C-alpha cells in the first residue's frame with residue numbers, strides 16, 4: 001500500500017512536472033478564453049430609412065454566431081451570445097443602446113452602425129467605457145481608433161477607383177456627368193475620387209447634379225443630367241436615390257452608359273427597379289452569384305439554408321464582424337476583460353475567417369483587396385461586368 | 001429652351017402632387033379645425049394599398065388608384081372617429097387634436113414600415129402608363145400628364161362641391177361653427193365623416209400617384225408630402241382649394257428651377273423662405289378669406 005502510494009506520488013510528480021514544463025514552453029500557444037458565454041451587443045438598424053440593409057447585416061451576424069457556437073470555433077465550451085438593441089439609424093438611439101450594453105457586464109464587445117455620423121457619435125462613448133466597438137457598415141475613413149474602435153468594412157474608395165479606371169479604359173468616355181448627394185460627405189468624397197480618375201483619363205465633366213438623401217422624385221434631376229448629353233453618367237448617391245435616379249434616367253429614355261456604387265447590389269433593389277438596372281456596373285466586395293472562395297460558398301449555403309434567400313454584401317459584413325470579434329476573443333486567455341479583448345482585437349493583422357479571400361487589418365481598418373465589378377442582368381442575376 | 005420647358009413640366013407635375021396632398025390637409029383644417037400631423041400617413045398607406053392591390057391581385061392601374069384613394073379615405077375616417085371624435089365631444093380644442101394626431105402619425109408610420117418590410121417598394125413598370133408622350137421636341141412621361149390632370153379635376157370638383165352645393169354649404173357651416181350648423185339642421189356628424197373621407201382620399205390620390213411616379217412606396221412617402229403640402233396650404237390660403245392648387249404648383253416649379261439653375265442645397269430653403277414670407281406678409285395666403293378664423 002505504502003509502496004503503491006509512493007509510486008503514485010512519483011507518477012503524479014512526473015506528470016505535474018511535465019505539465020509545468022509544457023506550460024512554461026508553450027504557454028501562449030495554449031492561451032484560450034475560459035469556457036462560458038460571452039455577450040456581444042449588436043446595435044441593429046432593422047427599422048428606419050436603412051432597414052433593408054440593416055436586416056441583412058443582422059442576419060449575417062446571426063449566422064456567424066450560430067456557426068461559431070456550433071463548431072466551437074473560439075474554443076471548447078466558449079460561446080457567443082448576441083444581444084440586440086435597435087437604433088433605427090438614429091445617433092441618439094444608438095448612443096443609448098451602447099450605454100445600455102456598456103452597463104451590462106456580460107457584454108464584452110459591441111458592433112454597430114451603417115451610417116458614419118452614427119459611428120462617429122459612438123466613438124467617444126465606447127472609448128470612455130473601454131468597450132470594444134467593431135463597425136460593420138460605416139465607411140468614412142478615419143473612424144477606427146484602435147484598440148477600442150475598429151472596422152471590418154473595406155473602404156469603398158479603392159474599389160471604386162479601380163472600377164472608374166476600368167470604365168475609363170474600356171468605355172473611353174469623352175464626357176461624364178455625375179450625380180452626388182449634396183448632404184453626404186462620404187459620397188461626395190467618392191464622387192471626387194471617381195471624377196479625378198475620369199479627368200486624368202481625359203474625360204471632361206459635363207455636369208454635376210446634386211440631390212438630397214431624402215429626395216424621392218428624380219424626374220427633374222434626370223432631365224438635367226440628360227440635357228448635358230454625356231457619354232457616361234456616374235451615380236454616387238445613397239441607395240434610394242441611386243435606384244430612383246437610374247429608374248428615372250431610363251424612364252426618360254436615356255439609353256447611354258450609367259455606373260453606380262454597390263448600393264444597387266442588394267436583391268430588393270433589383271426587385272424594386274427591375275430591368276432598368278441591367279448592365280449598370282458597380283464595384284462590390286461580395287456577391288453570392290460570383291464570390292467563389294470556400295468560405296464564401298459555405299457562407300452562401302448556410303445563409304440560404306437559414307433565411308431562405310441568398311446573402312448580399314451587407315450580410316457578408318455582419319458575418320465578418322462577428323467572426324472578427326470571435327477571433328479577438330480566441331486570442332485572449334482565461335476570463336478576458338473588455339480591455340483584454342480590445343487589446344487582442346487591436347493586434348489582429350488579418351481576418352482568419354472571411355468571405356472575401358483575404359482581409360488584412362491596418363490600424364484597425366479592414367483593407368479588402370479582391371473587389372469585383374458586377375452588374376445586374378435583365379432577369380435579375382448578378383454577373384461580372386463586361387462592356388457590351 | 002427645351003430644357004426650361006421640360007423642367008417647367010417636371011415642376012408642374014411635382015407641384016401637382018404637393019397641391020393634391022395640400023387640398024386634403026387644408027380641408028381637414030378649415031372644416032374640422034384639426035392641424036393633422038398624421039395626414040402624411042394617409043398618403044403612405046394609400047400608396048401601400050395601391051401597391052399591394054397590384055402586387056397581390058394584379059389589378060389594373062385605375063383599380064390600383066381607386067384602392068389607394070378609398071384606402072386613404074377610410075383610414076382618415078377611422079382615425080377621425082377613434083382619435084378626434086372623442087376630443088371633439090369634450091371640446092378639447094386644437095392642441096389636444098394636434099397631440100393626438102402626432103400619436104397617430106407615429107403609430108401609422110411604424111405600421112407602414114412593417115407593412116413594407118421597412119423597404120422602399122415600387123409599382124412594377126408594366127402596371128401603370130409608363131411611356132413618354134412626344135410633344136414636338138418635348139418628351140413628357142404619361143404619369144406626369146395624369147398627375148396634372150388629376151389635380152385639375154380634383155381642384156375644380158372640390159371647389160364646386162364646397163362653393164356650389166348644399167353639402168359644401170354644410171361643410172362650410174360646420175367649419176364655422178359646428179353647434180350652430182347643427183341647430184340649423186345640418187347633420188354635423190355626417191359632414192365630418194364626409195370631410196374626413198374626402199381629405200384622406202385626396203391625399204391618398206397624391207400618395208398613389210407619387211408612389212408610382214417616384215418609384216417609392218414606403219413609410220417615408222407621406223413625410224415628404226406633408227411638409228410641402230402644408231406649405232402649399234399656408235401660401236394658398238387655408239379655406240380655398242384654388243389657392244392650394246396654385247401654390248402647390250408654384251412650389252414644385254420653384255423647387256425644380258432652384259435645383260436646376262441655382263443649387264440643390266438652396267432648394268428647400270427657397271420653399272420655406274416663401275412660406276415664411278407669406279406667414280409674415282399675407283398670413284391668409286393667396287386666396288384665403290380675410291376673416292377666416294376657426295370657430
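Keep in mind that glycine also has a Cβ here, set from the backbone N, Cα and C atoms.
Within its own chain, the transmembrane segment (B:12-35) is flanked in space by residues 42-43, 76, 80, 84, 94, 97-98, 101, 143-144, 147-148, 150-151, 154-155, 158, 171-172, 174-175, 191-192, 195-196, 198-207, 209-210, 213, 225-226, 228-233, 236, 238-239, 241, 244-253, 255-256, 292, 294-295, which lie at least six positions past its ends and keep a Cβ under 8 Å from the stretch. Residues annotated as transmembrane segment in TrEMBL: B:12-35 (among others).
The annotation transmembrane segment is assigned in TrEMBL to B:61-82 (among others). Long-range neighbours of the transmembrane segment (B:61-82) within the same chain, counting only residues 6 or more positions beyond its ends whose Cβ lies under 8 Å from a Cβ of the stretch, are 24, 28, 32, 38-39, 41-43, 45-47, 49-51, 53-54, 101, 104, 108, 123, 127-129, 192-193, 196-205, 207-209, 211.
Taken from TrEMBL, the feature transmembrane segment applies to B:94-115 (among others). Here the transmembrane segment (B:94-115) has long-range neighbours at 33-41, 44-45, 48, 75, 79, 83-84, 87-88, 218-219, 222-223, 294, meaning same-chain residues at least 6 beyond its ends whose C-beta is under 8 angstroms from one of its own.
If you look up TrEMBL, you'll see B:143-162 (among others) marked as transmembrane segment.
Marked as transmembrane segment by TrEMBL: B:191-212 (among others). Sequence-distant contacts of the transmembrane segment (B:191-212) (same chain, six or more residues past either end, CB-CB distance under 8 Å): 17-18, 20-21, 23-25, 27-28, 31-32, 39-40, 42-47, 49-51, 64-65, 68-77, 79-81, 85, 88, 122-123, 128, 143, 146-147, 150, 154, 158, 167, 170-171, 173-174, 181, 221-222, 225, 229.
The feature transmembrane segment is assigned by TrEMBL to B:245-263 (among others).
Taken from TrEMBL, the feature transmembrane segment applies to B:269-287 (among others).
Cβ atoms under 8 Å from those of the transmembrane segment (B:269-287) belong to residues 228, 231, 233-238, 240, 242-243, 246-247, 251, 254-255, 258, 262 of the same chain, restricted to positions at least 6 beyond its ends.
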